[in-house]
Amino acid sequence: MAEEPSQLSDFDGRYEDPADDPLFDFDEDDPDRANIFARKELLKVGHVPESGRIVGRDGEIKAVAAELRPIVRGDPPNNVIIYGKTGTGKSLVARHVTERARRAAESNGVSVGTVYVDCAQHNTQTRVARTVTRSLNETDETDLDIPRAGIGSGEYYDYLWEILDTAYESVIIILDEVDRLDDDDILMQLSRARESGKADCHLGVIAVSNKIEYRDQLNERVKSSLREEEFVFQPYDANQLREIMKHRRDAFHDGVLSDDVIPLTAALAAQEHGDARKAIEILRHAGELAERENVDTVVEEHVRDAQEWAEIDRFEELLRGSTTQVKFILYSLALLTEENPNEDGFSTNRIYERYQATTEKADAKTLSEHRVYELLKEQAFLGVVESTRTGGGRGEGSYLEHRLVQDTGIVLKSVLRDSRLEDLA
Ligand SMILES: Nc1ncnc2c1ncn2[C@@H]1O[C@H](COP(=O)(O)OP(=O)(O)OP(=O)(O)O)[C@@H](O)[C@H]1O
């Protein structure tokens with residue numbers, strides 16, 4: 001007998017107002033609904049908060065501003081590279097200072113264009129050239145219609161030089177995650193535009209990277225044409241993280257955060273390496289968990305659950321693209337680690353025995369021991385597993401021992417999200 005469509009799936013035409021769709025039913029005045037967030041946008045990572053909310057970066061803000069200051073008088077700015085670990089406020093400072101420079105220059109009658117490019121997303125020369133060109137194109141002034149596709153970087157540059165000459169005296173381009181670019185020629189094009197007579201406008205580049213060794217990878221011609229100032233942002237300590245979060249407390253309604261929530265979140269994020277992004281994400285997710293449970297207060301337990309969620313997410317990101325076989329291996333290593341808390345590492349052979357039992361139980365194909373050894377070495381390269389050579393006493397050969405870098409609980413939870421493994425639990 002054919003199943004009747006449920007009320008939820010058969011909603012077409014049933015509700016005159018789509019807001020009545022029960023799937024998204026939401027009653028603003030429901031007295032029982034948890035009311036956690038007042039301004040959730042303050043906890044979004046891309047959000048650039050106003051100056052009053054930026055904590056502990058005064059020195060860095062002044063230093064970067066000094067490099068851009070010449071544009072206020074219509075002179076060329078210096079190029080800048082900002083290095084630092086993730087979540088140390090590099091993008092924030094770059095965007096904040098650029099916006100203030102633009103406003104100060106404009107109030108002095110100097111027209112300034114600014115562009116932010118996320119090079120992780122736009123990682124080729126054509127994509128960057130297209131983003132920069134299309135964002136700077138003020139159609140009222142330039143009367144140019146720039147195609148979204150079908151032309152190469154050379155043609156985008158031609159448009160760009162024309163736009164720069166028509167519409168601006170200075171332009172600042174932020175290239176975030178610049179190390180993700182597949183070609184550093186773009187840095188050369190931009191930094192030499194005026195020198196090579198392509199555009200009359202002053203161009204400043206702020207490149208942002210969390211790889212300190214990035215500069216060494218640049219080719220000599222790029223380095224000499226950039227002639228940039230470099231800044232290294234240090235990680236935050238727990239006190240600074242606490243202050244950063246306190247300045248966004250109003251993302252939540254009054255009285256929603258219990259007293260220990262911010263200090264605990266700061267302590268957890270500081271343990272890693274002082275990552276403000278992580279702190280803010282944990283805080284937001286703790287709020288969402290409370291909301292989901294329909295309770296009125298965010299408490300320590302929400303923070304701990306949110307932290308675990310963040311770690312599982314990050315670990316999954318690391319495993320993205322790995323095969324189910326790799327997950328069987330990691331699962332087996334995690335079980336061995338849990339059952340033998342006093343041992344520091346496990347030979348390939350022991351992991352293989354456990355792996356055989358796992359694949360048998362899951363009714364999956366079993367790879368050879370040599371293949372498992374190779375996959376373990378691959379995981380060591382990716383930083384998921386640590387492999388050290390050990391043994392080799394008299395008459396014995398040395399061999400590799402493997403251990404998980406990440407907490408076993410996180411590894412288990414994350415691999416068990418794979419539908420082929422979830423029955424094993
Ligand atoms: N000093 C600060 N004051 C207030 N908020 C901050 C501060 N530093 C960072 N944040 C916030 O932390 C989050 C991450 O910061 P940001 O994106 O600037 O870090 P990043 O160093 O560029 O990291 P990544 O290298 O991962 O891009 C953002 O939400 C940002 O607003």
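Backbone N, Cα and C define each Cβ position, glycine as well.
In TrEMBL, annotation is done automatically, which means it is predicted and not curated.
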Which range, 1-28, 337-364, 393-420, does TrEMBL list as region 'Disordered'?
1-28
Determine the C-alpha span of the ATP site listed in the record, that is the greatest distance between any two of THR88, GLY89, LYS90, SER91, LEU92, TYR236, ARG248, in Å to the nearest whole number.
18
Annotated binding-site residues THR88, GLY89, ARG248, filtered by Cβ under 6 Å to ligand 1:
THR88, GLY89
For LEU92 (ATP binding site), which of the three DSSP-derived states applies: helix, strand, or coil?
helix
What are the non-local neighbours of LEU92 (ATP binding site), defined as same-chain residues 6+ apart in sequence with CB under 8 A from its CB?
VAL48, PRO49, ILE54, ARG57
